[in-house]
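Asks: Okay, here's the structure, questions in a sec.
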Amino acid sequence: MGHLLSSLSRTTLPGYGWVTFLGLLGIGSVVAGIDWQTRRIPNRWMIGGAVGFLIWQGVAGNLWEALWGGLLAVSLSLTVRAITRGLGMGDVKYFGVVGLALGPLGVLAAMGITSGGAVIEGLVRVLWQRGALSEPRPLGPWIAVGSVLVALVFVVR
């Protein structure tokens, strides 16, 4: 799997990985805070992130891979939303932006980390609070953690 994920950065553009990482870190920091407080992910941040990463991936020569990543992320997220009703549309759009930034393999890794973090948080909350699962929790902070970790480990060179 490490070999597959190491192919995330197929460009030789100087600083490519750092720009992707810093873009995800910047968006993630703001969106995680907003989602934590309001349980909403603002469209303006998702539109800005999508446009920014599309331009960046186009410059880097990774546009098709980015588009496949975004499509995969939105498709999987909408499927999970339809089955569980556990994802909001902001989460779906945020995963789409992450897919544009990381491509198909990267977004799958980020979704795995996001899911793992959310499950661990849920288990910890159940142990410490009765009825903890009955109240909704924001997923944006976990999406930020997952995407930034994947970018840091597999994209930054």
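Just so it is clear, glycine is given a Cβ too, placed from its N, Cα and C backbone atoms.
So TrEMBL lists the following for this protein:
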| type | residues | note |
| --- | --- | --- |
| TRANSMEM | 15-34 | transmembrane segment |
| DOMAIN | 27-114 | domain 'Prepilin type IV endopeptidase peptidase' |
| TRANSMEM | 41-60 | transmembrane segment |
| TRANSMEM | 66-83 | transmembrane segment |
| TRANSMEM | 95-119 | transmembrane segment |
| TRANSMEM | 139-156 | transmembrane segment |
Asks: List, by number or range, the same-chain residues at least 6 past the transmembrane segment (41-60) whose CB is under 8 A from its CB atoms?
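Replies: That would be 11, 13, 16, 19-20, 23, 27, 30-31, 34-35, 66, 70, 88, 90-91, 93-94, 96-97, 100-101, 140.
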Asks: With CB pairs under 8 Å as the measure, which of the listed stretches 15-34, 95-119, 139-156 comes out on top against the transmembrane segment (66-83)?
Replies: 95-119
Asks: List, by number or range, the same-chain residues at least 6 past the transmembrane segment (139-156) whose CB is under 8 A from its CB atoms?
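Replies: Same-chain residues near the transmembrane segment (139-156) but 6 or more away: 5-6, 8-9, 16-18, 20-21, 24-25, 27-29, 31-32, 34-36, 41, 87-88, 90-91, 94-95, 98, 101-102, 106-107, 109-115, 117-118, 121.
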Asks: If I take every residue in the domain 'Prepilin type IV endopeptidase peptidase' (27-114) and average their pLDDT values, what number comes out?
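Replies: 96, rounded to a whole number.
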Asks: Taking DSSP states H, G and I as helix and E and B as strand, how many residues of the domain 'Prepilin type IV endopeptidase peptidase' (27-114) are helix, strand and coil?
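Replies: Its residues fall into 78 helix, 0 strand, 10 coil.
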